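**Q** The structure follows.
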Amino acid sequence: MTDIKKGALLVLNSGSSSVKFTVFQVGDADQKIALYFGGQLDGIGSSAHLKVKTAAKELLADDSWEHLDQGTVPAILPHLLEWIESKLPADLPLIGAGHRVVHGGETFDKPMLITDEIIEKLTSLAPLAPLHQPQNVAAIKALAASRPDLPQVACYDTAFHRTIPAINGTFAIPKEYTDAGVTRYGFHGLSYEYIAYNLRQNKPDLAKGKVVVAHLGSGASLAALQDGVSIDTSMGFSALDGIPMGTRPGSMDPGVLIYLMREHNMDVDDLEKMLYYKCGILGISDISNDMRDIEENQEPGAVLALDIFCQRTAKQIASLAVSLGGIDALVFTAGIGENGPIIRDKVCADLAFMGIKLDAEKNDTRGVELISTEESVPVMVIPTDEEFMIAQHAVNILSA
Ligand code: ADP
């Protein structure tokens, strides 16, 4: 491995109408990766808007981009690239881009330099993640078209979970479908990988142990890590499995889907729309998909949604502790996990029988990492950083 030359690395997470991006400065004397600026271009196709903040959280842009909006992410990306480069000093040229790609299928178990063959393979994986994979690939292609010399690296949400053993990864369905790839892939892998990395850096003894990580965001899943390696996770073949989320149901009786198709005349597209956008916290509460609107709301639907979310999360933690044969630490992360003391409290109250007990004051204090009592299994809040993980992978690959 050689030292990477000093420059800026762009990390992209592209959706259907938004692009989240982060620019890191890399290749300084000590080879550290440092956040430079980051933000989001959203509302693409309706009223595009750019909001960017520096590493010091100062506003760098808060502008309407309607005049540049040609309706799609690939069409607006070259303008974003131009804007980003206009904010980079001459001694900090763009030297590469890292992409968050939702699906790496059965074979891609680590990040890689993107080539034409990789683009082709990623395109062929679209049926495994039809709502996200095409957007990820479209952004890669758009960037390659406007900057053919810029090396691009793909980092997969599924890759970290390729270590899951068959006992946890296999569905109880006919073997021919398992052989055809209908299996547990798991998601949020870059987030779990960051937590494993963070623990290795800061709590090396715990990092070697049995750790359950609860990534609770608008999409939510949990993973069981043994010595920093994923051995089980709550999401499955798709990002619908596991615990209820903002608008997705989590695990449910598949018989319901047969019934809805037969008796409510729902076709595949209707089911897909319902399962991805109308279920979960929104479906139960009939109020909102956002936990901030739910957690202190006394409407019966909101109370029930919160109770279900917390209890299913606790059940999932207990289930992953079975996969691990115990639990040495519990980590909360992502939007709800990092900012929701009420939810952490309710989840952990259900886990008292497993020796988990929160310190109420620490749990209520923002920025405290260890929030459990001294006698308890350690419970921690660790902010995730998927973008950093992608930057780290890209730097490793670009300097190889
Ligand atoms: P994603 O990356 O999956 O879109 P995030 O990890 O950013 O999601 O989490 C977003 C979610 O976090 C929001 O939908 C909201 O429900 C939740 N959230 C953010 N702040 C709080 C808070 N203070 N209390 C409870 N939930 C919060």
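Just so it is clear, glycine is given a Cβ too, placed from its N, Cα and C backbone atoms.
Caution: TrEMBL annotation is automatic and unverified by curators.
When I checked TrEMBL for this same protein, it listed these features:
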type     : residues                                                                                                      : note
BINDING  : ASN13, GLU386                                                                                                 : Mg(2+) binding site
BINDING  : LYS20, HIS215, LEU216, GLY217, SER218, GLY219, ASP290, MET291, ARG292, GLY335, ILE336, GLY337, GLU338, ASN339 : ATP binding site
BINDING  : ARG100                                                                                                        : substrate binding site
ACT_SITE : ASP157                                                                                                        : active site, proton donor/acceptor
SITE     : HIS188                                                                                                        : site 'Transition state stabilizer'
SITE     : ARG248                                                                                                        : site 'Transition state stabilizer'
**Q** A 10 Å Cβ contact count, applied to the binding-site residues ASN13, SER218: which residue has the minimum?
**A** SER218
**Q** Over the residue list LYS20, HIS215, LEU216, GLY217, SER218, GLY219, ASP290, MET291, ARG292, GLY335, ILE336, GLY337, GLU338, ASN339, recorded for ATP, what is the maximum interresidue Cα distance in Å?
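**A** Max span of the ATP binding residues, Cα based, is 22 Å.
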**Q** Would you pick out, from the recorded positions LYS20, ARG100, ARG248, the residue whose Cβ has the largest number of other Cβ atoms within 10 Å?
**A** ARG248
**Q** Any idea what the Cα distance is from GLU386 (Mg(2+) binding site) over to the residue listed as 'active site, proton donor/acceptor', rounded to a whole Å?
**A** 10
**Q** What same-chain residues, at least 6 away in sequence, bring their CB to under 8 Å of the CB of ARG292 (ATP binding site)?
**A** none
**Q** Round to the nearest Å and give the CA-to-CA distance linking ARG248 (site 'Transition state stabilizer') with LEU216 (ATP binding site).
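**A** ARG248 (site 'Transition state stabilizer') to LEU216 (ATP binding site), Cα-Cα distance: 13 Å.
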**Q** Provide, as an integer number of angstrom, the distance between the C-alpha atoms of ASN13 (Mg(2+) binding site) and HIS188 (site 'Transition state stabilizer').
**A** 13
**Q** Suppose we screen the recorded positions LYS20, ASP157, HIS188, LEU216, ARG248, GLU338 by Cβ distance to ligand 1 with a cut-off under 6 Å; which survive, in sequence order?
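**A** Among LYS20, ASP157, HIS188, LEU216, ARG248, GLU338, near ligand 1: none.
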**Q** Ranked by the number of other Cβ atoms within 10 Å of their own Cβ, which of the recorded positions ASP157, ASP290, GLU338 ranks first?
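**A** Answer by Cβ density within 10 Å: ASP157.
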**Q** When you put GLU338 (ATP binding site) at the centre and draw a 10 Å sphere around its Cα, which of the recorded positions ARG100, ASP157, HIS188 have their Cα inside it?
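**A** Near GLU338 (ATP binding site) by Cα: none of them.
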**Q** Quick one: of the recorded positions ARG100, ASP157, HIS188, which has its CA closest to the CA of SER218 (ATP binding site)?
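**A** Its closest listed neighbour, by Cα, is HIS188.
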**Q** By CA distance, which of the recorded positions (ARG100, ASP157, HIS188) lies nearest to ILE336 (ATP binding site)?
**A** HIS188
**Q** Nearest to HIS188 (site 'Transition state stabilizer') by Cα distance: which of the recorded positions LYS20, ASP157, LEU216, ASP290 is it?
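**A** Sorting the recorded positions by distance from HIS188 (site 'Transition state stabilizer'), the top entry is ASP157.
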